[in-house]
Amino acid sequence: MTTNESSYKADALIAEDIDAYLVQHQHKSLLRFITCGSVDDGKSTLIGRLLYDSKMIFEDQLAALEADSKRVGTQGQEIDFALLVDGLAAEREQGITIDVAYRFFATDKRKFIVADTPGHEQYTRNMVTGASTADLAVILIDARKGVLTQTRRHSYLAHLIGIRNIVLAVNKMDLIDYDQAQYEAIVEDYRVFATSIGIEDFVAMPISGFKGDNITGPSPNTPWYKGPALIEHLETVELDVTTDQAKPFRMPVQWVNRPNLDFRGFSGLVATGTVKPGDAVRVLPSGKTSTVSRIVTMDGDLDQAVAGQSVTICLADEVDCSRGDVLSIADTPPQAADQFEATIVWMADEEMLPGRPYWLKLGTQTVTANIQAPKYQVNVNTMEHLAAKTLDLNAIGVANLSTDRQLVFEPYEQDRDLGGFILIDKLTNATVAAGMLHFSLRRAQNVHWQALDISRDAHSNLKNQKPAVLWFTGLSGAGKSTIANLVEKKLHRMNRHTFLLDGDNVRHGLNKDLGFTDADRVENIRRVGEVAKLMTDAGLIVITAFISPFRQERQMVRDMMKSGEFLEVHIDTPLAEAEARDVKGLYKKARSGELANFTGIDSPYEAPTNPEIRIDTTKMTPEQAADLIVEELLK
Amino acid sequence: MSDNPSATAGVNLTHLQRLEAESIHILREVVSEVEKPVMLYSVGKDSAVMLHLARKAFYPSPPPFPLLHVDTTWKFKAMYELRDRMAKESGMELLVHHNPEAQERGINPFDHGSLHTDMWKTEGLKQALDKFGFDAAFGGARRDEEKSRAKERIFSFRSANHRWDPKNQRPELWRLYNAKKAKGESIRVFPISNWTELDIWQYIHLENIPIVPLYFSAPRPTVQRDGLTLMVDDDRFPLKPGEVPVMKSIRFRTLGCYPLTGAVESEAKTLPEVIQEMLLTTTSERQGRAIDHDQAASMEKKKQEGYF
């Protein structure tokens, strides 16, 4: 192993004049970057090399590294830099990094935070995570192999997440004898591809992480290469935080600071732009305007705050403003909308369920969002658009989504803070997806509610009844349709205006395009919910008989209805009992494997935890059950 | 920061300004999204920076959460003094928890080895969080300290039994932190994850943050044990027959329980000298802590079991 002569630390200055050194070093800027590549490309070795050359490795760590290299290393007696970087015990044994790790080093000019992520396709989620905070991406290529599928994938993802600075590091040059022609062929190959996916510019360099060529300074092995060494480039490239300052001022409000009646400040991190006392600002989404009176910090008031700073802003007027609102320059505010097109990167083991409500967090706003079935999925290796009904782990697709409230936003390519969002599962609280807003859909701005003269009250008064939804849920063969039918007959005899929506019947028409995957089941229930809602607006008593196996969708329908008008009726028949009855012979088919995704067999049923009515069919007849339900309804 | 960026036009934020802004953002997110946060305060230099950042984040309000010191009764005297002073100065409530079982059994670092850390710190912390019902606890861990920390999220979830599952961490994108959790679960939040040891020292220097004087060199009574230079901080220190404390000019790079914390011989009496020594030194910071001397993955195991 060659030890590089140049080191990043000005050792002499540290020893001679520490005060001068400190003054110099407290004015460093910060660059965050991501390295993309597989273990085979020498990524961990490169990062280990950067840490080693910048003297971020101490003697005790080096001793441990030498011992580890001999024990589990892959470089024979040489130091295996990769071991420095591979953190968690499980992955050290597997020999691959399986998560995002952050590394730190510094030179005289800059401090660096490196997001180290694995390169395999199954770790797309980790790469996207690491890239989301990066100013720059280093795409590693093994010089012996050239541009591979994974190179294309990494470049696509880096570009997708909006990284403007791309470095193509052609690594392992030592293994091709520093061959200029081979290097240039690889770069040309990459240029053709990069242009095709919209990457306008990139910087290529021939390096060896293992030997140290063109890492800190020009390598004698590549006299034909006139560009910067990797570190030189990282030290001088323009930062996003600087370009963000030129954009219009926006600050998502995180917290209202109110220590006493005389002080009210709005705390947040300035996402873009610059703000000064006296600036006219607007509170979004309300649109109310005021003027900045002070920018308060513990070090005294500021006369200016810029993108990237955390501050507390006071306004001259008492305007309504709280967490989730966005402070903006008054004359060019961001838009607010509730329907969008977005790119979605799915990050959970459980697939996306179109129609299911998820929490959406964007800036400091958290709303409920429904995602529609994807318009297409992107093959991350070929960039082809594929038809898709859902997205599963590591899939990337484009879909429309709607939110239950107006969301203040900017297109992602203009503003990461107001255009990037995460989706959160409402039951498990897991972060299941990341997304990037493209634009709001026109219909969100142009479709308004039409006021109708005949109100829902007028409809129900004429029928002399209170509208309601009796939502039957239970296993297949539990007795839902039988009891629902009896309930309707009884109500009809009592001169009530009813309508029964039956699972099988609806699938012959309205929902005949849907199958029985989890995603289709969610959409099935969403549509039935919307129809039931329209029927209650018409004043009807709606009875529905659907397995509706998922708690979240039943909750979604409950949330659509007026409070008190939704009664969940659990037709509670044990699986063994329903299977023994097997009225339609379906359990038999499911058990034999003829029928997939059958509730109770290979698809889950989530029983209601707190239904309005619970019918134990092992304890009463359908007739008794129907009487009880009617009684509860009319109570 | 004290050197106000507004003083210059076309502002270039320094790395410390950006780290500060990020930490403040994290502190505010937690306060906005959880019910009952607390700040773990260990009185070390990282805690000192974290507390300072909290005061900045909520100024002019005092930080809207208490400080919690999970005490082992074996900290240096100077640490207890600074702890009480800083709580008073910041206007925050100070909660001190002692594991009653450890106290009763007289668990100490001289006789009980790793059980000492386990009972006073790991168990004590779980007890304190349960007792007060905190659903989020700020901790001063940094990713540059140790390999398993490099991969831990800023918002790190713990089961109702306080266990960490390194394989099931939530992705953290942009500046978006998902703080949703089930009842009984809690979050450990690390606002200074992205700071390095040098950043901490530079920031303490720039911001004049009070720290325990033990970080600076002075003549102190010492003995040598298992390759560590230990300071005889009080008369609970059991001297071996014939052992006489020797006065040496020493200081500490990290602070914990005095019988477990190794000192370094040093002449660094000021912050710049301390930083100078740190930059020129060739051993990593945690070497002075007995806890890491086990196998490489020891910290990861401890964390899974609930060590902070």
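Each residue's number is its place along the chain shown, starting with 1.
Note that Cβ sites are derived from N, Cα and C of the backbone, with glycine treated the same way.
What TrEMBL says about this protein:
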{"type": "ACT_SITE", "residues": "A:Ser548", "note": "active site, phosphoserine intermediate"}
{"type": "BINDING", "residues": "A:37-44, A:116-120, A:171-174", "note": "GTP binding site"}
{"type": "BINDING", "residues": "A:Gly474, A:Leu475, A:Ser476, A:Gly477, A:Ala478, A:Gly479, A:Lys480, A:Ser481", "note": "ATP binding site"}
{"type": "DOMAIN", "residues": "A:28-242", "note": "domain 'Tr-type G'"}
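Restricting the average to the domain 'Tr-type G' (A:28-242) gives a pLDDT of 81. The residue listed as 'active site, phosphoserine intermediate' is 40 Å away from A:Thr117 (GTP binding site) when you measure Cα to Cα. You'll find the Cα of A:Gly479 (ATP binding site) roughly 14 Å from the Cα of the residue listed as 'active site, phosphoserine intermediate'.
The ATP site, placed at the center of the C-beta atoms of A:Gly474, A:Leu475, A:Ser476, A:Gly477, A:Ala478, A:Gly479, A:Lys480, A:Ser481, has further neighbours from the same chain whose C-beta lies within 8 angstroms: A:Ala545, A:Ile547, A:Ile571, A:Thr573, A:Ala578.
For A:Lys43 (GTP binding site), the spatially nearest entry among the recorded positions A:Gly474, A:Ser476, A:Gly477, A:Lys480, A:Ser548 is A:Ser548, judged by CA separation. Taking the binding-site residues A:Ser476, A:Ser481 in turn, the residue surrounded by the fewest other Cβ atoms inside 10 Å of its Cβ turns out to be A:Ser481.
Mapped onto three states, the DSSP output places A:Lys480 (ATP binding site) in helix.
Taking a C-beta cut-off of under 8 angstroms and a sequence separation of 6 or more, A:Ser548 (active site, phosphoserine intermediate) has the following same-chain neighbours: A:Trp471, A:Thr473, A:Ile525, A:Arg554.
Calculated from their C-alpha atoms, the gap between A:Ser476 (ATP binding site) and A:Gly37 (GTP binding site) amounts to 49 Å. In sequence order, A:Lys480, A:Ile547, A:His570, A:Ile571, A:Asp572, A:Thr573 constitute the residues six or more apart from A:Gly474 (ATP binding site) in its chain with CB-CB distances below 8 Å. The two recorded residues, A:Gly477 (ATP binding site) and A:Gly37 (GTP binding site), show a Cα separation of 53 Å. Long-range Cβ proximity for A:Leu475 (ATP binding site), meaning a same-chain Cβ under 8 A and a gap of 6 or more residues, is found for A:Ile547, A:Thr573, A:Leu575, A:Ala578, A:Thr599, A:Gly600, A:Tyr605. Between the CA atoms of A:Met173 (GTP binding site) and A:Ala478 (ATP binding site) there is a gap of 68 Å.
Counting only the Cα atoms, the space from A:Ser481 (ATP binding site) to A:Gly37 (GTP binding site) is about 56 angstrom.
Of the recorded residues, A:Ala478 (ATP binding site) and A:Gly37 (GTP binding site) place their C-alpha atoms 54 Å from one another.
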